[in-house]
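Student: Pasting the relevant annotations from Swiss-Prot:
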{"type": "TRANSMEM", "residues": "3-23", "note": "transmembrane segment"}
{"type": "TRANSMEM", "residues": "64-84", "note": "transmembrane segment"}
{"type": "TRANSMEM", "residues": "135-155", "note": "transmembrane segment"}
{"type": "TRANSMEM", "residues": "178-198", "note": "transmembrane segment"}
{"type": "TRANSMEM", "residues": "282-302", "note": "transmembrane segment"}
{"type": "TRANSMEM", "residues": "313-333", "note": "transmembrane segment"}
{"type": "TRANSMEM", "residues": "418-438", "note": "transmembrane segment"}
{"type": "TRANSMEM", "residues": "456-476", "note": "transmembrane segment"}
{"type": "TRANSMEM", "residues": "522-542", "note": "transmembrane segment"}
{"type": "TRANSMEM", "residues": "565-585", "note": "transmembrane segment"}
């Protein structure tokens, strides 16, 4: 960790927190209807309600809200699945791509609807422009809006008292999409285009290369997976290349909401390491900023809405401290290089002539500082976009993003999902504190009783169950082990990372695992769906229960939840639950792999 790395991280955090304040103010006014933007575009909003037959003045109970949420997203899965299956017969397909397989289309549909954007295919070789724009990009907006409205419903649960409703799902989704996501995405898309991100609907361009390139390429089967011989080694074929095909497409418009909505699915297989998605250091900084700005602002929206800004600041402070620590560990691990190369007297020190450290799988235009920022931001949030190959990170460098996902992505987290996950941990923290001092736990004026803790338990335990059971099945099943390209602890890490990513709706991956198979498509689809809606429904149940409670006044015995002590308690709860749940699995994967580096060095 050198001065350059520290300075870049510090500048980013300062810019993020400074920008979160006005964005939070705007979000608060949009959702309560007091914003001038809502008044100006009110006729359009009301026209949409009339067209859909919605009464915007009728609010919903938590059960109605949950039913609308699940039904809306289930219809999204069906529509996107159908679109991917028939894309070969639709216009907007200049490359003539055929339909996806049944399991591949279902996996992709579930992936984008759940805000995961897990991609086990090569987008520029699989998905047509129409499917990208009408299917994937639309779901990038709607899945992000779903996460935001769920946390807004939970915030209303804290803010209201003796109420039977928590808002109207259709009104919330419309306002978030129309007034927040669309204008912010348009601004980010314009900035990305100014940096060189492409936006067109041209057919792919064939250009001659400067010289003929010959190489041994792996032979692929019909599903795009490497073919292996009887000994398990990849079968290769000699290939010569005299021309290069440059993929085109409407990239900037999808890239903007991909980052802003913490979606993460790339237009290209290289994701944000591809120069057409992320060409410059400024575009990289902008994309990292876009990932975290709404999650950061929502913390302050929480404080604004419940009438105590200190509560939102405390949650934001806990997230920021954890983010800064993760950036420090990640960047230090990558900047430090590997003991194996050090034993061979390879110079890994940063200098004016080299970035130093572990540059494998990284883009030289970003270096270790911006790559470390991106790795942490994309896994602290439920984004999953990458500007470097996570499979090439050092063992400790790979452990950091894996653990951030396994903690529930509550360090900022996805748009909406991060804050409602952290508020669930806040309820758990005050419950534990209440047990220690023998008092009924309270949080922001609401008593936390057995019903809320049952729902909290479901949220906290469900995703670890999906991750660990899914990993166990994949390790034991022949179909699961067949996808491992790197046997040993790293192969185990790849499977653990895959299910951590799917169940926590992240979408990033260690690239050494071949997952475009029926086994992994079905397994990860199940993990993604229940990881998303298996937590959303209990969160809405908590919102409904809290809204019905009376607000109680703070007394001398009430635990203050706005100071440094609570920040420490909250972080301790998050880390303790994560450590107890995942430490054995992490020891078998990244832990063993890290120790093997020192064995190899000697």
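Note that Cβ sites are derived from N, Cα and C of the backbone, with glycine treated the same way.
Keep in mind that what you see is a predicted model, and the values were worked out from it rather than measured.
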Student: With Cβ-Cβ distances below 8 Å as the criterion, list the same-chain residues six or more beyond the ends of the transmembrane segment (178-198) that contact it, or say none.
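Tutor: Beyond its ends, the transmembrane segment (178-198) has Cβ neighbours at 26-27, 30, 35, 37-38, 41, 44-45, 48, 141, 144-145, 148, 248-249, 251-253, 255-257, 259-261, 275-280, 282-283, 286-287, 290, 294.
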Student: Of the listed stretches (3-23, 313-333, 456-476, 522-542), which one yields the highest count of Cβ-Cβ distances below 8 Å with the transmembrane segment (282-302)?
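Tutor: It is 3-23 that shares the most Cβ pairs under 8 Å with the transmembrane segment (282-302).
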Student: Any chance the transmembrane segment (313-333) and the transmembrane segment (565-585) have 3 or more Cβ pairs under 8 A, given the pairs are 6 or more apart in sequence?
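Tutor: Stretch pair touches.
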Student: With Cβ distances under 8 Å as the criterion, find the stretch in 3-23, 456-476, 522-542 that has the most pairs with the transmembrane segment (565-585).
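Tutor: Ranked by Cβ pairs under 8 Å, first place goes to 456-476.
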